[in-house]
Amino acid sequence: MDIKGILVAKNYREDQWIAGTITDVDDDSLEVTWCHGKIEKFPKTTSQLYVYDIGPAGVQHVGIVCDGCRTEGLVDYRWKCTVCHDFDLCSFCYHGNTHNTEHVFQRIDIPGVKPVQVRKRGGEKQARLNGFFQGAKVKRGKDWEWGNQDGGIGTMGTVLGSYDWTGAFETSAVRSGVTISWEKSKLKANYRIGFNGKVDLICENPAFGGQFYSSHLANTKTLLEHKRSSSQGKQFNIGDAVVMCKKIETLVSAQEGSGGFIKEMTKCIGVVGRVVQTIDKGVFVQFGISERPDDVLALLLNVNVKKQKHWLLNRDILQKVAEFQPGDTAKVINDKDTFIVMQTNIGNYHPSQDVLVGEEVKIIRNDGEKLQIEYGNNKVFMSCGAVSKCEDQADRLLGLLLEGFLRSRLDEKEKEKEEEEKRKRVEEQNRSAAAAAAREEQKPVIRKPQAKKERSLRELVEKGDDSSVAKYLDERPYMINQFENGSTSLHVAVFNNDSEIVDIFLKKHADLSVADDNGDTVLHIAASKNLIGIGRKLVRSQCAVNKKNKSEMTALSVATHKGYVDFVRMLVFEKCDTDQPDYEGNIPLHVACKVGNTNLVRILLENKKDLLVPNRLGLFAIHIALDVENKEIIEMILDKSPEALNSTQPDGSTPLHFAVRRGKAPMVEYIVHLITKYRYNIDSRTKQGQTALHLACMEGFLAIVKLLLQHGADINAEMNDGNTSVLMCVLKHRMLFNLPPQLQGNELIRPDLRTVKSHFENTNANGIITACFLLENGANLNHFNHAGKSALDVCEDSELTKLLCEFGKKHRSLQEPSSPAKAPPIPARRSSEKKSTKPKIQKQESELDFDPCPLCQKRTPVEGRFQPCKHALFCYQHAETFQKCPQCFSEVTHLSRLSVERLPNCKFCAEKQINITFKPCGHQIACFECSKPFRVCITCEQRIEAKVPIVDGSPKPKPKPRPAPRKPRPNSNSGSTPSSTAQSSASAQGATAGGAAIPEEDENQLCIICFERPRNNVFQCGHTCCKVCSYAIDECHICRQTIKQRIFIYDN
């Protein structure tokens, strides 16, 4: 029994318990994956884990019926009442308080172990379990391998119920999976939550799974002791004759924790083998050793014997061969399916033997490998594992003695019995005579096929006797497609490369689409053996050239995997479909790129038009060639289809993005060279707006960042959320390091990239090194994303903030002209008497009209001045922490605060302070909430390209000069007002931009929010705007009332 996959529970709050799955078992510990995704390890001796459901481990109490729900064959614990006679419950009924709760029960964990008596349920408090139960909300987890069935990463789904997951060879584990309905893709599918220790899901919102008696359950320590005792209970010695006597499902589950399972093991169930070695993990058994004394002696002396099948098997599936003597009575096993498998494996099964199941038979002969038994008038050879000794032979003998004794006492009835027996004897003789006569009449019919032993068609094909095969098919044409041992005779002929016999089958019109047990057609066999001649004959005989086997592979896929160039060339020449995907979604071209065979790639490219066929991971052929770093194949692909270099995956990624994600600098350099050669854009973006430089910065690949910048990548490119490369470096790596003392304090004033790299070369802080490099090369440190955050805002360490600020200042100092050493101007004061000595380029870089404090996460202005040097470098709060001026190193005697001009309140709500600047005009008229619906500045009527947050207390910037209005058209109305003149000017400007002037009377009907669409929606307050803007705001843009109703205005 393998405990991997069983459901365990752990208490985390009062009577609340959480469910988890055992996903791995080591020598000393257990690994548990809880339903919310957390993974924990526990020692094997722990008593904290309670086994809630042992069913996924394959534990079944065969023949036991639950007296509550009438379920037959309990798959979990067995609860036996100690008061009532023969009364059993399953776990569901037991925890559901079925039967009298005052009765004491026994818990039977595994069949054959000693029962454990538990307390009565009456008065016991039940616990509540949460996990993967019906109604739980889930998303993809650590073992997810199902592509985008859920609709994408982060998509939620709902648990519909449990599912018995079926694995290889139709083995199933009860309640080891769940059925999920995904919200986005609307797909219903089954996923693992314990099968083979795999958990595909994470529970975002666990559901209530019912109440249970926690103190009545077994813990994992007890279960492991059961497993250890059951394994130690069976002791085997070298040379012992053993036999596998379990079902195929039990064999598969038992071998998972031992020597592993292969399908060929099923053919040895019921076959006698010999123990060659014993270890703690299992027993090495060799099948195919005879009973001759020489072979057994060689085995005991450890002399090499010809090995046929030699495997490491679990002790639980083995049993020693019972020693039977002629005349002994034995009983046949009750499992009909296992009986059929055993008899088939020894080659002695016939459907008429089914009546022997569960019956008592008499042993006639025992040759060590097979038993000859007698049942009625029949004599049958039977597997040693299919029979067992009768446990009640002594009782039967005692009964016979007692019967003889009683018979001797009944003298009165002896005469009557003799007469009755005589009469029966005469009748029996008459019946025997009639039966003998009937057998004589049927004797020629029955014995004729036995007298002439003919060979089967498969035997003739294996021998290679083509004339006998032709004669056999002439006499029995219906046998041409007959199955034997999982395949047809034509499969055998192709496998043996017997072209003459293949020609005979083709002339007889054999079905070429028939598949064997593995789903392989005869063309698959030819492809796997590289039989070009036979393959060409099969293709030209109209075989199913594109049929797939159970691995979803066509013959072309098989030949490509094997690397058979000539066979692939033949199939492609015969117009085989080259776009058939295999089980991974790879077409033959993908496989050829993966194995790096340029000859295969060349053949497949010559006959392929569309190179943008993705596999299940969304990868094209060029991506796979990039992954294996094969430049020759990449050039071949681009010679055929240059647009493949700019092909995009479903998320918008190009091959350059793929190479950057892999972190392979040589391949990135090669792709950049090709992009330059074919004149594609190096700053191509994904659907999230990410360039290759963004991805390199997110992963901290400094060499790739340098390479992209050397070839002209935009260092300040923005993603869809407004993040730049330097912002992504700080966001991804802000918590991965601690600044060393060498980079703190006064040594921070003149940082150098070489110094930073030397201190971080052995740490996981490549992102910080990359950020410093970007700042040295002109990255904008003060750029704000759409959430109003800059790189300094997201820093969680003051020393890191200082480091980034100094690198930013270092770059600005390279752009500014040299100036005499004197105290810098006061950045927060904007008076007309003093002008800033900083050039305009600094203002364009920062997009702020004040110098922010480099140490604050909030964008507060510099307002602390050191005295007596009069340098203003930080906000007042951080300036108080300095005893020396960081710029001139003079002692600080006291501080003075710079006066800051406050901004007025919002012109619309008159409650909040103005904190938004419109770009490019620079006007500040509204707060953040009121500025949401604006698309055009109502002061200058310019289109708003960006809304930049400003800080409370910052001075009001000077707006850009409004463009001079054009002279209005001459109007018959000489008494035009100034407002009409302005409107005429705006109308003329719009006519220049759009190509047609807007009439003055139509302009009055435009929406005052966007100035693009007519007013066609009215609110309950009476104010109007266009339909598009009405759904973008929740409050009226004029009176600030909450919008409750939107009424559409139709044109007359």
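A Cβ is built for glycine as well, from the same backbone N, Cα and C atoms used for every other residue.
Here is what TrEMBL records for this protein:
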type: COMPBIAS; residues: 412-430; note: compositional bias 'Basic and acidic residues'
type: COMPBIAS; residues: 451-460; note: compositional bias 'Basic and acidic residues'
type: COMPBIAS; residues: 830-846; note: compositional bias 'Basic and acidic residues'
type: COMPBIAS; residues: 957-969; note: compositional bias 'Basic residues'
type: COMPBIAS; residues: 970-995; note: compositional bias 'Low complexity'
type: DOMAIN; residues: 61-113; note: domain 'ZZ-type'
type: DOMAIN; residues: 124-207; note: domain 'MIB/HERC2'
type: DOMAIN; residues: 1007-1040; note: domain 'RING-type'
type: REGION; residues: 412-460; note: region 'Disordered'
type: REGION; residues: 814-846; note: region 'Disordered'
type: REGION; residues: 951-995; note: region 'Disordered'
type: REPEAT; residues: 485-517; note: repeat 'ANK'
type: REPEAT; residues: 584-616; note: repeat 'ANK'
type: REPEAT; residues: 651-687; note: repeat 'ANK'
type: REPEAT; residues: 688-720; note: repeat 'ANK'
Outside the repeat 'ANK' (584-616), six or more residues from its ends: residues with CB under 8 Å to it: 147, 556-557, 560-561, 563, 565, 568-569, 572, 578, 622, 624-625, 627-628, 630, 632-633, 636-637, 640-641, 644, 647, 649-650
Intrachain residues whose Cβ lies under 8 Å of the repeat 'ANK' (651-687), provided they are six or more past its termini: 618-620, 622-623, 626-627, 629, 631, 634, 638, 642, 644-645, 693, 695-696, 699, 701, 703-704, 707-708, 711-714, 717
Residues from the same chain, set at least six apart from the ends of the domain 'RING-type' (1007-1040), whose C-beta lies under 8 A from its own: 908-909, 930, 932-936, 938, 941, 1046-1051
Helix, strand and coil residues within the repeat 'ANK' (688-720) as assigned by DSSP: 17 helix, 0 strand, 16 coil
